[in-house]
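First the structure, in the form of structure tokens, and then the observations on it.
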């Protein structure tokens, strides 16, 4: 019975989240069991280009530490949580677009990783997921260890401050937040500017792979766009409409279920780092 419950829980995880978190767990386990050495997994542009060790382009995002302890557990839970909330939220029914975000983010991080001495980019990748989720859910109220309350867009900055307090390198957070902001701008902001257009296009083979025959374009809410979150303002104060391009999305906003939207904004989320 317990095995069937675990199996049912695993099967119900969205496909992209299930694949990524499983790959992260398995990669860490094979290192913990001394089957593979971390030296075979870390990001090394020289070995990738000269010796064609192309697997390092993927394994750098899958390894979260050689010891299976409390730190690894929190990292995996944190990654799983926000990856799943994204895939079941703004990417619901659009797993192919979610994979496109993965590929776009990983490509940018690999490029930036060539200029910063970072061996593993898994935590930066998690910060990218957190950043995109936080910008697309600006009304969600969060709680940090029962001490501090804040709204979702501040979450990446809270994590950055935690890294500084703990003495960890902040380049991981900066790269993750930077790549997340680039994706957010290209996907949710620039297409709705005057003369803007959708820069990222999901390849057709990915849509066929996930059996997505209907083109479902994500329509970000007005508060998800420039000026949508009132940084430093009073909670509940409506943002100013500074962009005429946002008027075309008001009809899509009116079609949303207001009760569902209200419930989403009242969900407290605990943060663990």
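Heads up, the Cβ atoms here are built off N, Cα and C, so glycines get one too.
TrEMBL annotations:
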- 240-253: compositional bias 'Low complexity' (COMPBIAS)
- 254-265: compositional bias 'Basic and acidic residues' (COMPBIAS)
- 225-273: region 'Disordered' (REGION)
- 20-43: transmembrane segment (TRANSMEM)
- 55-80: transmembrane segment (TRANSMEM)
- 101-134: transmembrane segment (TRANSMEM)
- 154-186: transmembrane segment (TRANSMEM)
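Only sequence-distant pairs (6 or more apart) were considered; of these, at least three Cβ pairs between the transmembrane segment (20-43) and the transmembrane segment (101-134) are under 8 A, so the stretches are in contact.
Remote same-chain partners of the transmembrane segment (101-134), defined as residues 6 or more beyond its termini with a Cβ less than 8 Å from a stretch Cβ, comprise 16, 20, 24, 41-45, 57, 60-64, 75, 78-79, 82-83, 85-86, 89, 91, 152-156, 159, 169, 171-173, 175-184, 187, 200.
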